Amino acid sequence: MQPRTPLLLCVLLSQMLLLTSAEDLDCTPGFQQKVFHINQPAQFIEDQAILNLTFSDCKGNNKLHYEVSSPYFKVNDDGSLVALKNITAVGKTLFVHARTPHAEDMAELVIVGGKDIQGSLQDIFKFARTSPVPRQKRSIVVSPILIPENQRQPFPRDVGKVVDSDRPEGSKFRLTGKGVDQEPKGIFRINENTGSVSVTQTLDREMIATYQLFVETTDVNGKTLEGPVPLEVIVIDQNDNRPIFREGPYVGHVMEGSPTGTTVMRMTAFDADDPATDNALLRYNIRQQTPDKPSPNMFYIDPEKGDIVTVVSPALLDRETLENPKYELIIEAQDMAGLDVGLTGTATATIMIDDKNDHSPKFTKKEFQATVEEGAVGVIVNLTVEDKDDPATGAWRAAYTIINGNPGQSFEIHTNPQTNEGMLSVVKPLDYEISAFHTLLIKVENEDPLVPDVSYGPSSTATVHITVLDVNEGPVFYPDPMTVTRQENISVGSVLLTVNATDPDSLQHQTIRYSVYKDPAGWLNINPINGTVDTMAVLDRESPFVHNSVYTALFLAIDSGNPPATGTGTLLITLEDVNDNAPFIYPTVAEVCDDAKNLSVVILGASDKDLHPNTDPFKFEIHKQAVPDKVWKVSKINNTHALVSLLQNLNKANYHLPIMVTDSGKPPMTNITDLRVQVCSCKNSKVDCNAAGALHLSMTSLLLVSLFTLACL
């Protein structure tokens, strides 16, 4: 027969009371004999005494209570152990627990010849030890020692005893292991003569739940005679730790209208006591709900799992009708399976009732009016809607669409994120002359889709009537810009073009007058009536007001409205070049030594303000009418430069050499420029031009400057 794990053992493990000291120190509370050996009989007979147990709390044994680890046995008030029915097998070990308000203890009954039965106290405590049944070749008998944690003074106190039925005379018991001679040292000790094991201080199961010790017998010299034999000390849990919620903050969400029984969140507490006992067996309940509307019991918590679920109908779980969509629950966890003697811990659970899109947005009016001046852009009207959903969600945020009346895409509509209003704007200027009225059909929806049983109705559309106000618009030039091409230097009074400006206000009969707005060089004139533009000065392509051969002027067209409106037109005149600028040479001063071996005087360059082909190649010559031919020489270097040199040395003096340069225009233009040449005395690397009234510049420097100029062109 397989006995069930007795409930009384759970009670034993979870509600063990502290052993108290006896008033009479000569009395040792507990069982007077802690280990009994019983040969396995063929059958335990019902109500027949098996043995007698003697227990004393040293205070009269008031309210003495016995518990047996097997449900098939009991201990009578007189201490006799009897079977509740005839039984043949009970396992290898029985444990009897006795307690009074002042003391408690455990006795072990070793069934010699018994067989292991599943569900024994060994399994409950997960004993990792050898069988307590004496082996044939071992005389040391040890049983596990069970000690409640948090025992009070006095210490040391006996907690068990080791028996050696065949111990040689003079031998001693020795105890070793963690808690004796290993850290934490000194917690346990053994009477080397009697084998009594004692504890020296209070134990804490949450620090160390079991101690694995070893017992051996030694001779007088300390040599081991037998052992070591394992001795396990089990610290029995007491309910000395409160449940703790250590994973907060606890925030849960549940959608409004959720069915009754919808799980919101799970609350889990931790208890440091023995999880195999009721000391850590938790039960949960809701101590308080804030607010308590519309029902003081909106939620329920599973007492074992800690799952919080809704218990009200979906209709009451309506975010739009709740005073506050946030609930705070004080959750209590109690150990001892929720018994009144259990310890408690609390935490706050915050539950948010989340919105779902169960209300469609509705326009506050079926029709909206707006006015806008033609030519203007920007917001012209704000469309207002109502939505009962949560403003912080996509179930409330509106999205507007123009579904009719906007073929030219002149209008756009955007949502104001703060007010949820639709801001209708003109993005392309409207023309009164084309259409003075516009009618738009606009619909509004939410960012989030509606729940299946809600739809958009007629109130989700509205009409906007827009009136365009006529504005006196300025005349418009066509084309703009206007372009003409003319040669520079055309005669004054030449007609360039006739400008054309029209008034967009076609429904008004207005006249247009023209005027010059910007004419940087003062070259142009315009007829105010017909817009004919002619010249009143010579056009010069080389003028500083001309850029890249283009001259820019602006004209105004002014209508006769009240007030008048003005339009601006641009005229671009491209000037063609004519050969009206003679070339010029550089430099115009040079030096040369009177005894120079190199008779080169200077490299001349030429430039022309005109454009090709009215510029280079240039022709360089000496004006022969004033200079002897056999003294000076001009040689062409390239299209823009020539070399002036001497044919013989000259005395120190200032010489004026007329240089004639001619461009390639048709007809060509010629310029004659005097080149001043100073012949200087050059001795010992010193240049002296004083005798010739010369500038203090060396010929070599002038040649270098001329060559550098040539290289840069």
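First residue shown is number 1, and so on along the chain.
Cβ coordinates are placed from backbone N, Cα and C, and glycine is handled just like the others.
Automated prediction, rather than curation, is the source of TrEMBL annotations.
A quick note: this is a predicted structure, and the numbers were derived from the prediction, not measured.
According to TrEMBL:
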- 1-22: signal peptide (SIGNAL)
- 147-245: domain 'Cadherin' (DOMAIN)
- 156-178: region 'Disordered' (REGION)
- 158-172: compositional bias 'Basic and acidic residues' (COMPBIAS)
- 246-363: domain 'Cadherin' (DOMAIN)
- 364-477: domain 'Cadherin' (DOMAIN)
- 478-585: domain 'Cadherin' (DOMAIN)
- 584-695: domain 'Cadherin' (DOMAIN)
Q) Reported in the order helix, strand, coil, what are the DSSP residue counts of the region 'Disordered' (156-178)? A) 0 helix, 14 strand, 9 coil
(Q) Looking only at the domain 'Cadherin' (364-477), what is the model's average confidence as pLDDT? (A) 94
Q: On the DSSP side of things, how many residues of the domain 'Cadherin' (364-477) fall into helix, strand and coil, could you say?
A: 3 helix, 53 strand, 58 coil
